[in-house]
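Swiss-Prot lists 161, 184, 222 with the feature active site, giving sequence analysis as the kind of evidence. Residues annotated as disulfide bond in Swiss-Prot, with similarity to another entry given as evidence: 43-259. Under the heading N-linked glycosylation site, Swiss-Prot lists 102, 197. According to Swiss-Prot, the signal peptide annotation covers 1-23.
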């Protein structure tokens, strides 16, 4: 009986350990080629003309989008007069940020789910992507708030991001990766850790925009990173159940799509857009990850592998 009881206990412990492992999936960091990554280069004015009607059509089909947008419009009307905004920044851009940062509903999650999976083809985007106007307004808001030039205009933002439900791991140091969605981060490490520790990111972003003044939750001191920014993996370690990832922006974006709503087809490669003053094209040399050890690369001494296939 003692042996049977012991075997039963061991069996339960094994099942519990297996459940814990499966409860936090491991996802590889990559260039996520199926992300819808349009940056609307050269067509932002035409998209501004079309996005208003497009938004009305999409709100008619999506109740949560309509409710969230209308609530954010009201909040923006009270917030707007307190803000100093860049030239070209319109009410729709501010409302889009307030819609995204309102985590009291699931719309931000639904948007990012669509972004991560909606870039298989232009046909897929046109038929099934339900947030075309919101994606445009949010992308444009970040471009206007951040300004052109990336880190050639300044050192960028050092930010942190905590994830509680997923383990993200790079394949190797020196890889180029994208986050593949609109990614919330904070300049305050303590704030970021409140969102989880399964994976903890340390990042330097050149295209993420500080949105604290526009956010529904300004105390989070948020910097919002666009889906198409390219990062260099400079560090990875595991501390028990926690993965710690260090990403250093290469001061570059890349996109498979450009002006898709206006007819632009998906391109085979991820076409890079370099910021002014960016270093020359990088070497493909990289170091392999070693399990259980902390590996770090000095981003000033390592060049990035090509962003597109």
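Cβ from N, Cα, C; glycine included.
Burial estimate for the recorded positions (102, 184, 197): highest at 184, by number of other CB atoms within 10 Å. Within 10 Å of the C-beta atom of residue 222 (active site) sit 27 other C-beta atoms, taking all shown protein chains into account. DSSP assigns residue 222 (active site) to a strand. A simple way to gauge crowding: the CB of residue 161 (active site) has 24 other CB atoms within 10 angstroms, across all the protein chains here.
Shown in sequence order, 258, 259, 262 are the residues of the chain, 6+ apart in sequence, with a C-beta less than 8 angstroms from the C-beta of residue 43 (disulfide bond). Of all the recorded positions given, namely 102, 184, 197, those whose Cα is no farther than the 10 Å limit from the Cα of residue 222 (active site) are 184.
For residue 102 (N-linked glycosylation site), the nearest of the recorded positions by C-alpha distance turns out to be 184; the candidates were 161, 184, 197. For the pair residue 197 (N-linked glycosylation site) and residue 161 (active site), the C-alpha distance works out to 9 angstrom. Residue 259 (disulfide bond) falls within neither a helix nor a strand when secondary structure is assigned with DSSP, and so counts as coil. Residue 184 (active site) and residue 161 (active site) have their C-alpha atoms 7 Å apart, to the nearest angstrom.
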